[in-house]
Amino acid sequence: MSAAIAALAASYGSGSGSESDSDSESSRCPLPAADSLMHLTKSPSSKPSLAVAVDSAPEVAVKEDLETGVHLDPAVKEVQYNPTYETMFAPEFGPENPFRTQQMAAPRNMLSGYAEPAHINDFMFEQQRRTFATYGYALDPSLDNHQVSAKYIGSVEEAEKNQGLTVFETGQKKTEKRKKFKENDASNIDGFLGPWAKYVDEKDVAKPSEEEQKELDEITAKRQKKGKQEEEKPGEEKTILHVKEMYDYQGRSYLHIPQDVGVNLRSTMPPEKCYLPKKQIHVWSGHTKGVSAVRLFPLSGHLLLSCSMDCKIKLWEVYGERRCLRTFIGHSKAVRDICFNTAGTQFLSAAYDRYLKLWDTETGQCISRFTNRKVPYCVKFNPDEDKQNLFVAGMSDKKIVQWDIRSGEIVQEYDRHLGAVNTIVFVDENRRFVSTSDDKSLRVWEWDIPVDFKYIAEPSMHSMPAVTLSPNGKWLACQSMDNQILIFGAQNRFRLNKKKIFKGHMVAGYACQVDFSPDMSYVISGDGNGKLNIWDWKTTKLYSRFKAHDKVCIGAVWHPHETSKVITCGWDGLIKLWD
């Protein structure tokens, strides 16, 4: 048996080699004896067969080809082995939903189906999209239009009619050429037309005759006259006195500064120490619409002037019974701004009816009216004693206009702003004034010189529709529309003080008035939510904030002789006194 196995091994080795190898092998290994191979001889009664079957290339179980038997998660992005096609596209593991439609049962990676990345020419896509939006047809995207003749989706009839034109193509317009008069014979000197010939259907436009021109002039004159009559007429001025007697037993009017209120109202010195107001002590109600602005009587502050969107101006007592003394009626639209002269005997009012009016504070008489047919947004008297006949007004047509009360004429115009002028404030002992505008700039002007010598406009700046000078005359507080109060120096360079920026209130869109306490320890301002905000001047910390009005708190004034009295006004039509 062992001899037979050896012989088989020898024959197995020789089967795969060349002839030379087999010759060398036979020379080295001796042939087995004939007796040992007797069992391999043919049997006469049976077919020849081998007792041992040998497979030269047996199947081997390779580790990489083994399937794990685990279903693939459709969300998996990476597989560590080579799965078969059946594994990759096997249905999702789990019970099938019998109520799913064919579209819902199909594999999806978004709500409406399966989206695959594809390269599309941006121009071609936009061309077909716009064509479909304009004409109602587009090329069928499911067909290869290079191989198949163009097929359209949408309005096929329109596509055939336009011969498949897209929005970026223009078809030839079937229009007849305009015919010209022909006379090309150059020898005809008078009648030769050549290329300058007129069109057959061309109409000559002639200048009107003298008679027609006269008629036209008469018609235009009538229209202009009619238009002038339709222009807004100034409202009739009248006044209402709300107290029984205008003068007291000594013959003094309400302009007389009282001396029995516990405070020296004639003093020029501010109080030594100011305190935070905490409670409401009085409400002045009389306006039927929102109050636009409040102004205290110059120096003493014993009277309060208010203007409102109900077209009225009212004068109130700050001390005593706090009555409404007089109402001034004369504007046909909302009053925007008011300003006392230095003595307080007269005041100006600016309204949306395009009129500026000068009133007598004591009698209520309207002394004069001014207009340049533009809306005045702010008005200011020149504070100098020798210039009480001059005032400036910021207009909606980007100009600052200077009027003389005595003549009623415009004597100067400052027209460098690029937007409507919002505020005017006198600085530097009234030799200069600062103006702000909707063009987001701040300009400084010398009095009576219509060229600004200082222009401040940073890219980060916003419009500043409310500006106030500090009591010591050194700083300008500007209400910026990005919800912060900016402080500029009011002497020499007018630089922004970056250490003094007051934040924490919401004023975007509202020209809320800013004011200082008399001792320069606090800064106050209303906001769009009807709250009164009080900051510390030194630290810029927000000390106090409380609800003052139901609507926008547009004005806030600290009484110049009181330690903690603040007057606020709002769009709820009320004026409130806080202490």
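Cβ coordinates come from backbone N, Cα and C, glycine included.
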If one consults Swiss-Prot for phosphoserine across Ser27, Ser46, Ser435, the residue flagged is Ser46
When Swiss-Prot is consulted, the range among 1-47, 142-188 described as region 'Disordered' turns out to be 1-47
Within the same chain, the residues 6 or more beyond the ends of the repeat 'WD 5' (459-498) and with Cβ under 8 Å of it are 270, 419, 422-423, 425-429, 434, 436-442, 444, 505-509, 511-516, 518, 520, 523, 525, 535, 560
The correct DSSP tally for the repeat 'WD 5' (459-498) reads 0 helix, 19 strand, 21 coil
Taking DSSP helix as H, G and I and strand as E and B, the repeat 'WD 1' (286-326) has 0 helix, 21 strand, 20 coil
